[in-house]
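Below is one structure, written out as structure tokens, with a few remarks after it.
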């Protein structure tokens, strides 16, 4: 005990003496305790713990005693079955060959033609395939001589083929009067093949609908006249025609069937009222009829758990109904004389013996009986 007390005193002296030897010239500055207000932590929201309903085993109600209803025995007179006639002849198992039924002819059911509404496919726009211009050398193919009398060059009768309609605003249709314009006489000697560069003139896209088919009567077309004398065609320098501006073909609007999109459910976002100044723009008045009612999803209230009221099982004492005693009506048994049905002598159905080849099923031979 003494040694332990000394050790405690020494340890106390080691910690207390340095603090006791304080500097009296500079007394320690008293620092009042700083008041720290308690940090008010917001209450942590703990969602209500939805306690699962306590499983209470179903109260086992005692079985209601139902006294057995004593039904009087129903009198069933004994059915006197006539003796079944069993012929003593042991009929061998009748082999019924597989009846090959002919295929039952089922007349083709004439289904009425299912009406399929014509699918209105929008006209598929096929961009004009830029085919490179097929260069035909002028020597091999001389210019086709078209006699001016029989068939004027590019004679477009006003009835058979109307002039190509070009929008009058952008470019009026070039009207070539068939009467006033004489056939351009191109001497066959100095006429070179007119080379139309494919770059300067884009391929003319003529929609098949707007342009009626050019009717070329086969009778009026004279045979191609090939002059025997190969006269050199007159060389005309290529006139640099400005690129013919053809207005963009107004493509018919591609009919896209209205895709029946399901109504996009937008949850009612509680938007703040949009402030629209009355001077710049008055608030758009939307009649209440056109505006659908703002769908507010029903607040899913947790189901109020009402513990099942444990009603004590109503004990209904078994009503003892005395069995209704019905005295047995002594009905005399209806005597039915035994109806004698003579045994119907059915002639044995003759079935031709089916030949069974030994390959399919060899005959079963029993052991030889030795007397």
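The backbone N, Cα and C atoms fix where each Cβ goes, glycine too.
What Swiss-Prot says about this one:
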REGION    32-366  region '67 X 5 AA approximate tandem repeats of P-P-[IV]-[EY]-K'
REGION    49-317  region 'Disordered'
REGION    339-371  region 'Disordered'
REPEAT    72-76  repeat '9'
REPEAT    87-91  repeat '12'
REPEAT    142-146  repeat '23'
REPEAT    262-266  repeat '47'
REPEAT    272-276  repeat '49'
REPEAT    282-286  repeat '51'
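Note: the repeat '9' (72-76) comprises 0 helix, 0 strand, 5 coil (DSSP; helix = H, G, I, strand = E, B).
For the region '67 X 5 AA approximate tandem repeats of P-P-[IV]-[EY]-K' (32-366), the mean pLDDT of the prediction comes to 76.
With helix defined as DSSP H, G or I and strand as E or B, the repeat '47' (262-266) counts 0 helix, 0 strand, 5 coil.
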